[in-house]
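Here is what TrEMBL says about this protein:
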- 1-21: signal peptide (SIGNAL)
- 106-470: domain 'Peptidase S53' (DOMAIN)
- GLU179: active site, charge relay system (ACT_SITE)
- ASP183: active site, charge relay system (ACT_SITE)
- SER382: active site, charge relay system (ACT_SITE)
- ASP424, VAL425, GLY448, ASP450: Ca(2+) binding site (BINDING)
Amino acid sequence: MGLQACLLGLFALILSGKCSYSPEPDQRRTLPPGWVSLGRADPEEELSLTFALRQQNLERLSELVQAVSDPNSPQYVGGLHRFPPTSSLRQRPEPQVTGTVGLHLGVTPSVIRKRYNLTSQDVGSGTSNNSQACAQFLEQYFHDSDLAQFMRLFGGNFAHQASVTRVVGQQGRGRAGIEASLDVQYLMSAGANISTWVYSSPGRHEGQEPFLQWLMLLSNESALPHVHTVSYGDEEDSLSSAYIQRVNTELMKAAARGLTLLFASGDSGAGCWSVSGRHQFRPTFPASSPYVTTVGGTSFQEPFLITNEIVDYISGGGFSNVFPRPSYQEEAVAKFLSSSPHLPPSGYFNASGRAYPDVAALSDGYWVVSNRVPIPWVSGTSASTPVFGGLLSLINEHRILSGRPPLGFLNPRLYQQHGAGLFDVTHGCHASCLDEEVEGQGFCSGPGWDPVTGWGTPNFPALLKTLLNP
């Protein structure tokens, strides 16, 4: 009998009352840090259990991630797998010059494609070994009928797929969620005509997303999509230290395998909470993990013109209180901290922590179809994340068809290239604590990297040219 069957049998005996464990009195009073006794479970209650064993050799794993993800490393492969070409590479026009290209009444796929300089030829070939995925949590589900209607309304000027290739996990019944609808519709319209999977993880961990359950599923699968986008996150302080570290280990493994994981930076700006009677900014996780690419948000400078972008004030960003600053971003973050003219007081943030986001995209005023109804003005980094992920999937398409591996963990390359291929967002600040000292303002954008919009937003032809080699 396997370990899983043995454990399930043991728990069945305990819950049925046929078997029990009675610790010594002193053991009853001692619980692991972060644990709370809730008493005995009801015999009829269903329990969902995820067993995650303690991991070893994490320093060696971290070194491996850097080696296989750094284009300057002799071990660089984009991850621990390669995929053979299956077709020839289409030629792509030279980068265009951005400018005002039209009016809009809300962000749709055509607005995204105009702003980020995609042509009708910038779609998947349908013949390569390429795929992308998004994850849904908190009982958020999409409907196939909504996706089909969205593509009928907004997908007329580019080749696309109107159905998800595969759902991994259980799709709930009932009404669709706007979050899940948004993620699927914009991943599949930005990464147009590319095979798309949806990972559905029901249930909660500590009342929040079961990230570890999802990551353990990825760890146990050999064939996975290359790009994964996640529009969910929690405050670092709301999760136990043990859980955060265990999730981060799985994120590290994914990076070592060559998966590109994108997480939304959050919709509360720098955040805010009170610690010992004093306000501090409040970072979010997994956005603050050093092993994911985190996506912030922007708005159009002119609300109804497709033109330059400024900070969307809700765009999450800041510095982790858990993870130290990774070496790949040392130069960029040090430059920001030494040159920003609008830096908040040092007591509000941990300047030595992992800084995020890494990149950004439009996050304001999207059209979404949910429960057969077109809904305008949906906003958040939940929108910018699948858009950026879809564009990376298009770049993977070119890399695979030219015999190169997928991008894999993007951050070492991204910071080495100093934002090449991205529109630098230099105007605007995001929100934070409403007190007399900072008056609701967090960090502000500026030239180069900043903890509001990262390196900036994609100029697709320039980004393709930057990321195509080696």
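Placed from the backbone N, Cα and C atoms, the Cβ positions cover glycine too.
Keep in mind the model is a prediction, meaning the values are calculated, not measured.
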SER382, ASP424, VAL425, GLY448, ASP450 screened against GLU179 (active site, charge relay system), Cα within 10 Å - retained recorded positions: SER382
Inter-residue C-alpha distance, SER382 (active site, charge relay system) and ASP183 (active site, charge relay system) (nearest angstrom): 7
For ASP183 (active site, charge relay system), the number of other Cβ atoms found within 10 Å of its own Cβ: 28
Nonlocal neighbours by CB distance (under 8 Å) for ASP450 (Ca(2+) binding site), same chain, sequence gap 6 or more: GLY317, PHE336, SER340, VAL425, PHE443, CYS444
Count of other CB atoms lying within 10 Å of the CB belonging to GLY448 (Ca(2+) binding site): 17
For ASP424 (Ca(2+) binding site), the number of other Cβ atoms found within 10 Å of its own Cβ: 17
GLY448 (Ca(2+) binding site) versus ASP183 (active site, charge relay system) - Cα distance in angstrom: 28
Model confidence over the domain 'Peptidase S53' (106-470) (mean pLDDT, whole number): 96
Count of other CB atoms lying within 10 Å of the CB belonging to GLU179 (active site, charge relay system): 22
